[in-house]
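Participant: My questions will all concern the structure given below.
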Amino acid sequence: MSKNPPDLSGGEVKAKQIRFDSDARSALQEGVDQMAEAVKVTLGPKGRNVVLEKSFGAPTITKDGVTVAKEIELEERLPNIGAQVLKEAASKTNDDAGDGTTTATVLAQSVINAGMKSVTSGANPMDVKRGITAAAEEVVTHLRNQSDPVEGKDRISQVATISANNDDAIGDLIADAFERVGQDGVITVEEARGIETYLDVVEGMQFDRGYLSPYFVTDSEEMEAVLEDAYILIYDDEVGNMQDLLPILEKVSQTSNPLLIIAEDVEGEALATLVVNKMRGTLKVSAVKAPGFGDRRQSMLEDIAVLTGGTVISEEKGYRLENATLDYLGQADRVTIDQDNTTIVGGEGSEEEIEARVNQIRQQIANSTSDYDQEKLQERLAKLAGGVAVLNVGAATEPEMKAQKALVEDALSATRAAVDEGVLPGGGVAYLRALESIEEVEVENEDQEIGVSIVREALEAPLRQIAENTGHEGSIVVQKVKDGEGDFGFNARTEEYGDLLDQGVLDPTKVTRSALENAASVGGMLLTTEAVIADLEDEDDDDGGGGGGGGMPAGGAGGMGGMGGMGGMM
């Protein structure tokens with residue numbers, strides 16, 4: 001017989017286990033500790049490696065905290081809930097700031113463990129949480145006030161180097177990328193085909209549409225069509241009838257300038273005539289399809305028009321192709337078209353109009369709630385205001401490639417965060433210097449004061465862990481740094497004390513702030529948890545193990561129920 005109770009429809013309801021009060025919190029704490037112990041060994045420049053088994057392919061060796069956290073799923077259901085909640089704090093920090101997952105994990109573990117002790121001793125969980133929240137808010141305000149703006153290539157390189165586990169080469173490459181494409185540019189990370197790590201920069205506007213016919217090629221070795229001082233015709237419909245295109249072609253041919261046609265499509269008679277004119281040398285011309293789809297296509301055509309000083313010829317707006325004049329056309333110093341991409345360099349659009357368009361897109365990014373829309377808008381912004389840089393990461397082996405790529409992505413995200421909100425002295429020093437700000441927190445009772453003390457203790461945890469990963473006694477290092485002032489701290493890379501800002505040991509303010517905010521949030525949430533409900537643990541019983549058909553349904557149903565429960569957890 002099944003152990004699960006029947007529901008009214010004749011099926012089975014999966015039985016649940018329920019834990020209350022201290023039993024619930026201790027089960028969650030067990031999972032938090034297992035997660036934190038695996039992640040926090042990666043903290044700092046001398047953090048240790050973690051090896052991750054993969055179901056296929058080679059194992060991954062990494063020092064990236066979020067990569068370790070994402071791999072963790074515990075066997076026991078209740079502790080696993082605690083681990084997943086802590087994972088959420090780490091992931092949220094990574095989403096917000098692009099780095100700081102390990103710091104958030106260390107802070108959260110300290111808050112949770114100290115909080116659990118106080119609640120078990122009889123403190124009011126809600127008041128403890130209020131104290132934690134008040135103290136964290138005060139520290140965040142202090143961090144923002146102490147933040148130092150990041151300006152100049154050298155400072156950007158320092159931040160990127162720290163985030164890349166002190167790899168100077170990666171730090172310099174990221175700084176070069178920011179210098180080349182600017183803050184609004186798009187910087188992506190790709191796997192290189194060889195062992196070298198290098199930077200590719202596409203200046204100007206590039207979109208993923210190639211020539212419509214190979215007969216448009218002007219450089220047969222590179223298989224590219226290169227148009228110098230080109231006119232650009234931007235049309236939001238298909239071109240099939242050559243008669244519509246003929247008037248503007250005649251006007252362009254009189255100038256001897258080449259022409260790029262960007263349209264929804266160019267086909268049939270129109271395409272054939274363009275190819276013939278190109279082959280005869282009558283007109284230097286090339287044609288490509290418009291980038292994007294739907295409303296996004298229209299927006300991208302408008303971007304091209306603003307960049308080149310042209311007009312989108314659209315019958316919806318009263319413009320007809322057969323009536324087009326040279327004033328409708330955009331212009332650019334150089335257009336390069338290959339089989340897959342078109343690049344426009346030196347568009348002759350008005351700087352004022354380009355700036356207005358850039359500000360409009362920035363506003364759309366700020367108002368958008370969709371990550372996908374924000375990403376696409378950021379790409380458009382980069383093509384107008386900056387450019388696109390690609391960091392190609394090379395390595396000798398696949399595991400090294402994966403680890404190196406994750407490292408570069410982390411460093412890039414942290415550098416963006418630093419450019420956004422500035423930097424603070426690294427190595428956990430910023431948290432220690434913020435201890436004085438907690439003294440100003442006003443509390444209403446003793447339990448809230450306990451919450452403030454919990455944050456006070458947690459602020460020491462990152463430096464303590466960095467020191468221990470380096471092989472030093474954490475308490476001694478923390479006390480020596482507390483005895484110092486300002487940017488004085490412990491440089492874990494050199495294992496010496498000194499002015500960390502002067503030594504280039506920096507942390508982005510956004511990372512430092514987000515790590516504390518998310519740690520305080522998840523800590524307060526777990527402290528105020530009074531019940532946990534989860535599926536029962538899977539049991540190895542003999543109900544489904546007997547021979548014959550009778551055992552099969554019972555065993556199958558039990559197995560499926562267990563899988564369903566795990567699905568709900570993930």
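Any Cβ shown, glycine's included, is placed from N, Cα and C.
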Participant: If Swiss-Prot says Thr42, Leu43, Gly44, Pro45, Lys63, Asp99, Gly100, Thr101, Thr102, Thr103, Gly427 bind ATP, which of Asp176, Asp184, Asp502, Asp507 does it name for the same site?
Facilitator: Asp507
Participant: Rounding to the nearest whole angstrom, report the longest C-alpha distance spanning Thr42, Leu43, Gly44, Pro45, Lys63, Asp99, Gly100, Thr101, Thr102, Thr103, Gly427, Asp507, listed for ATP.
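Facilitator: Maximum Cα-Cα distance: 17 Å.
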Participant: If H, G and I count as helix, E and B as strand, and all else as coil, what does DSSP give for Thr102 (ATP binding site)?
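Facilitator: Note: Thr102 (ATP binding site) is helical by DSSP.
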Participant: Validating a neighbour-count step here. Other CB atoms within 10 A of the CB of Lys63 (ATP binding site): how many?
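Facilitator: Within a 10 Å radius of the Cβ of Lys63 (ATP binding site) lie 22 other Cβ atoms.
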Participant: For Thr42, Thr102, listed as binding-site residues, tell me which one has the smallest number of other Cβ atoms within 10 Å.
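Facilitator: Thr42, out of the binding-site residues Thr42, Thr102, has the fewest neighbouring Cβ atoms within 10 Å.
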Participant: For Gly100 (ATP binding site), which residues of its chain lie six or more apart in sequence with Cβ-Cβ distance below 8 Å?
Facilitator: Thr93, Asn94, Ala414, Val511, Thr512, Ser514, Ala515
